[in-house]
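Worksheet: the structure to be examined is printed underneath.
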Amino acid sequence: MKLPKTPFFSVFKPGYLAFVAFGLFLDLSSKYVIITKMYAHESIPVLGDFFRLSLTFNTGFVFGLFQDNALPSLFATGFAIVFLIFYRWENSDLGNAWGWNFVMAGAFGNFLDKFFVKIPGSGFRFGFTPEKPGIEFIGVVDFLDFEWPDFLLFDRWPAFNVADSCVSIGIVILLFTMDWKEMDKK
């Protein structure tokens, strides 16, 4: 595999890497607090029914699609991260760097979360298989739970986390800052 000509640290500057690390810290620490303070599938109203903290576990892909596919999801996420790093490195002029940083922070947060078995009300341990099903859980911790307008197809938006928020913010930034005509030329 041929490495890009641009030096790595001219694209992934120390300040950008620190931002990704900070986003990763916010994501994993928020998940830790939720997993140690709540029980599985517990829901705590924060702003009435509009916003609740609801502990759920996503063993699938985006928005909980293809549940109970933890290992394929782990490999797919790892592959996506490697792809994003090399794509960003090769195309450093495409999009706003902060958009990429948000996406990377979120991708790393959910990727690392998949390496742990969660024990609600207690903590977590490294591993991929719960020893006590129903008490221990695998998958990404989701806990931000918002009501969705009734005229749409479902009552509540799927629960999400800080990492998911980072990815969404990053994608919006990239959509508004990428030069789509320039991408067509490459």
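First residue shown is number 1, and so on along the chain.
Just so it is clear, glycine is given a Cβ too, placed from its N, Cα and C backbone atoms.
According to Swiss-Prot:
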type     : residues : note
ACT_SITE : Asp142   : active site
ACT_SITE : Asp164   : active site
TRANSMEM : 8-28     : transmembrane segment
TRANSMEM : 44-64    : transmembrane segment
TRANSMEM : 66-86    : transmembrane segment
TRANSMEM : 97-117   : transmembrane segment
TRANSMEM : 157-177  : transmembrane segment
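The DSSP secondary structure for Asp142 (active site) is strand. Proximity of Asp164 (active site) to non-local residues of its own chain (separation of 6 or more, Cβ distance below 8 Å) is seen for Gly106, Asn110, Asp142, given in sequence order. DSSP classifies Asp164 (active site) as helix under the three-state reduction.
For Asp142 (active site), the Cβ neighbour count at a 10 Å cut-off comes to 23, with all displayed protein chains included. Under 8 Å from some Cβ of the transmembrane segment (44-64) lie the Cβ atoms of residues 34-35, 38, 70, 73, 76, 118, 120, 137-147, 158-159, all in the same chain and six or more residues away from its ends.
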